[in-house]
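Asks: Positions annotated as active site, nucleophile by Swiss-Prot, on the basis of experimental evidence: Cys44. Annotation source Swiss-Prot lists active site, proton acceptor at His313. As annotated by Swiss-Prot, Zn(2+) binding site applies to Cys182, Cys185, Cys229, Cys232. Taken from Swiss-Prot, the feature domain 'USP' covers 35-365.
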Amino acid sequence: MTVRNIASICNMGTNASALEKDIGPEQFPINEHYFGLVNFGNTCYCNSVLQALYFCRPFRENVLAYKAQQKKKENLLTCLADLFHSIATQKKKVGVIPPKKFISRLRKENDLFDNYMQQDAHEFLNYLLNTIADILQEEKKQEKQNGKLKNGNMNEPAENNKPELTWVHEIFQGTLTNETRCLNCETVSSKDEDFLDLSVDVEQNTSITHCLRDFSNTETLCSEQKYYCETCCSKQEAQKRMRVKKLPMILALHLKRFKYMEQLHRYTKLSYRVVFPLELRLFNTSSDAVNLDRMYDLVAVVVHCGSGPNRGHYITIVKSHGFWLLFDDDIVEKIDAQAIEEFYGLTSDISKNSESGYILFYQSRE
């Protein structure tokens, strides 16, 4: 498979029938649909993330279950549920759908996306997951208040004001532990921090396992960076490290490929070759980690094509029922598993145009 320079002029109907032929009538999964999404002017950042999330099965199932509930006031989640439902209930197995309602709502809700410029797929993913979680938490809060009002218990003290966990958290949320050890008294203090995705630095000719190991490297705090130890009641040299305490059901890994270059006064792309395996086991876990021995399978990759954050293009590769598909806006193609290697990045020239993995989605086997 090569870079698809002529993808935009492909006939949609021909593309759809070719995909059915490539998969084969006998192999085509029952109740599965492969639909491209129309680009409404540089909305590939959005289309690529939506396709990746659609093929994260737990996420898709919860969005469709939300659609099945009683009619709610329109918000970003209802628009997403309508889009997913539209794909899942199509009579045809393959085709193209315009996510017009979702894009309109997105632009209405956030000024950052209310234009026709290229946006960052990771920023969009972050915004979408947090917005959905906020909507679900607000709905739960309203349900509780309505229940109290109905039962005449409005004066009951609130159990706690901490927002309830939603299915977004159940799927994507993990926990990091920031451990700091004072080198004078050996006291270890730790602070937990939740995440919906992990952002990791990239280096040339490495792997995701290496990037994650670097993420947890021990850092020495000395000189002006000394740590205030509450046991010693003074600033002391210390060692600091980050550990994974709780692993999520779906691990979303963001590769930090855009770096600000002082001499250029702008961000440039690090097209480094970073190998991401089809199977991943995490080793950088804390001593009190929950489910520390967990195996993950790669289910989707959002790929950035181009040389910079504000130009270029996003596509997505997904695994569905044992085979791999490439989604490039309205184009959908079946690809060989070996073709995934083309999206690792380049072995030379950091700013050269490339198609490289940007957001990886790994799903736990348990």
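Backbone N, Cα and C atoms are what each Cβ position is placed from, and that goes for glycine too.
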Asks: Using the centroid of the Cβ atoms of Cys182, Cys185, Cys229, Cys232 as reference, list every other same-chain residue with Cβ within 8 Å of it (recorded Zn(2+) site), in sequence order.
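Replies: Near the Zn(2+) site, the remaining chain residues are Leu183, Asn184, Glu186, Thr187, Glu230, Thr231, Ser234, Gln236, Ala238.
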Asks: How big is the gap, in Å, between the Cα of Cys182 (Zn(2+) binding site) and that of the residue listed as 'active site, nucleophile', rounded to a whole number?
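Replies: Taking the Cα atoms only, Cys182 (Zn(2+) binding site) lies 48 Å from the residue listed as 'active site, nucleophile'.
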Asks: Pop the mean pLDDT for the domain 'USP' (35-365) in here, whole number is fine.
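Replies: In the predicted model, the domain 'USP' (35-365) has a mean pLDDT of 90.
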Asks: Hey, what's the Cβ neighbour count for Cys229 (Zn(2+) binding site) at 10 Å?
Replies: 20
Asks: Sorry to bug you, but what's the C-alpha spacing from Cys232 (Zn(2+) binding site) to Cys44 (active site, nucleophile), rounded to the closest Å?
Replies: 54
Asks: Could you check which of the binding-site residues Cys185, Cys229, Cys232 is the closest Cα neighbour of His313 (active site, proton acceptor)?
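Replies: Answer for the nearest of the binding-site residues: Cys229.
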Asks: I need the most crowded of these recorded positions: Cys44, Cys182, Cys185, Cys232. Count other C-beta atoms within 10 angstroms of each C-beta and give me the top one.
Replies: Cys44
